[in-house]
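Engineer: Among the features that Swiss-Prot reports, topological domain 'Extracellular' is placed at 1-25, 80-100, 159-195, 259-270, with the record citing sequence analysis. What Swiss-Prot lists as N-linked glycosylation site is 5, 264, and the listing cites sequence analysis. The transmembrane segment annotation in Swiss-Prot covers 26-49, 58-79, 101-120, 140-158, 196-218, 236-258, 271-290 and is backed by sequence analysis. Feature annotation from Swiss-Prot assigns topological domain 'Cytoplasmic' to 50-57, 121-139, 219-235, 291-309; the stated evidence is sequence analysis. Positions annotated as disulfide bond by Swiss-Prot: 97-189.
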């Protein structure tokens, strides 16, 4: 067990995305471009949904909450990375590292459960349209969002506390641009067998929403293919296409990072984490708005209102 005074002075070195200065300069410019787009894009989604009464329904309520989580999610890591690069420093305190890890796990899990809630919403809308307003009532939507936040934080807390109990002696270079649980476990000189088992349990909890999404879309597609109208099938696929794209991007990159043995992790994997920590939150507003006429109309209305005022 580490001494209290040691934990207060312990610092980690964030190696960045690649560890090569020339490439780090490229990623600095990339993040400098990505971060404001992420903030503005997701904030516009939230404002458009709040300002347009036609979008005050469960589907857009869940989307607005997803956009808020994406804003927080990208803000946990990118500002620190930009500040470190600008100041020529790569250090992060032990407390700052634990805080970053906690919010990454909590927000990542919350994001995945909201995606599952959105899939459930689509399944109910398509397979049980007559009961939609009853099942997806305002109270149900609030419970879905609250449950997502509770599960996300409940999954993050034990991992953070367990990591706080570890001893770190010798190499303190984190093979990533933020404090992730995998490189931290590899740095520890404590017995991490229990911690690794808990990490994979956490991965299992994180995978539950994916199972819910798969079940929801099996229900959607089984209902859709029973519809004789080709127009109805195309409309259903158009409605679900954006969500499926986001789910594929998010879970595809996350699974590439965490669904494998701890010993296989290296700095090369930091490039994969850029996809779900930075790129996916930036793309979400575009994916959900470009193919959605109601969202595009709400955004135009929002812009016109700002210009006229």
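One is the number of the first residue shown, and numbering goes on along the chain from there.
Glycine is treated like the rest: Cβ placed from N, Cα and C.
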Engineer: Within 10 Å of its Cβ, which one of these disulfide-bonded residues (97, 189) has the largest number of other Cβ atoms?
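Structural biologist: The residue with the most neighbouring Cβ atoms within 10 Å is 97.
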Engineer: Mean pLDDT for the topological domain 'Extracellular' (159-195), rounded to an integer?
Structural biologist: 87
Engineer: Give the helix, strand or coil assignment DSSP yields for residue 97 (disulfide bond).
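Structural biologist: Once the DSSP labels are grouped into three classes, residue 97 (disulfide bond) ends up as helix.
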Engineer: Can you tell me which parts of the same chain pack against the topological domain 'Cytoplasmic' (121-139), counting only residues 6+ beyond its ends and a CB-CB cutoff under 8 A?
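Structural biologist: Those are 58-59, 62, 216-217, 219-220, 222-224, 236, 239-240, 243, in sequence order.
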Engineer: Between the stretches 58-79, 101-120, 140-158, 236-258, which wins on the count of C-beta pairs under 8 angstroms to the transmembrane segment (271-290)?
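Structural biologist: Ranked by Cβ pairs under 8 Å, first place goes to 236-258.
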Engineer: Could you tell me what the rest of the chain brings near the topological domain 'Cytoplasmic' (50-57), counting residues at least six beyond its ends with Cβ under 8 Å?
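Structural biologist: Sequence-distant neighbours of the topological domain 'Cytoplasmic' (50-57): 64, 294-295, 297-298, 301-302, 305.
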Engineer: Which bits of the chain, at least 6 residues beyond where the topological domain 'Extracellular' (80-100) starts or stops, bring a Cβ under 8 A of a Cβ in it?
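Structural biologist: Tertiary neighbours of the topological domain 'Extracellular' (80-100) are 7-8, 10-16, 24-25, 28, 31-32, 35, 160, 163-164, 174, 177-179, 184.
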Engineer: Against which stretches of its own chain does the topological domain 'Cytoplasmic' (291-309) lie, if we need a Cβ under 8 Å and a gap of at least six residues from its ends?
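Structural biologist: That would be 44-45, 47-49, 51-52, 54-55, 60, 238, 241-242.
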Engineer: Short question: which residues 6 or more past the ends of the topological domain 'Extracellular' (159-195) have a Cβ under 8 Å from it?
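Structural biologist: Distal contacts: 1-2, 7, 10-17, 19, 27, 76-77, 80-81, 92, 96-98, 100-102, 104-105, 202, 257-258, 262, 265-267, 269-270, 273-274, 277.
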Engineer: Could you give me the DSSP helix, strand and coil counts for the topological domain 'Cytoplasmic' (121-139)?
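Structural biologist: Looking at the topological domain 'Cytoplasmic' (121-139) with DSSP, the answer is 16 helix, 0 strand, 3 coil.
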Engineer: Which residue counts does DSSP yield for the topological domain 'Cytoplasmic' (291-309) in the helix, strand and coil classes, in that order?
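Structural biologist: Split into helix, strand and coil, the topological domain 'Cytoplasmic' (291-309) gives 16 helix, 0 strand, 3 coil.
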Engineer: What are the DSSP helix, strand and coil residue counts for the topological domain 'Extracellular' (159-195)?
Structural biologist: 16 helix, 2 strand, 19 coil
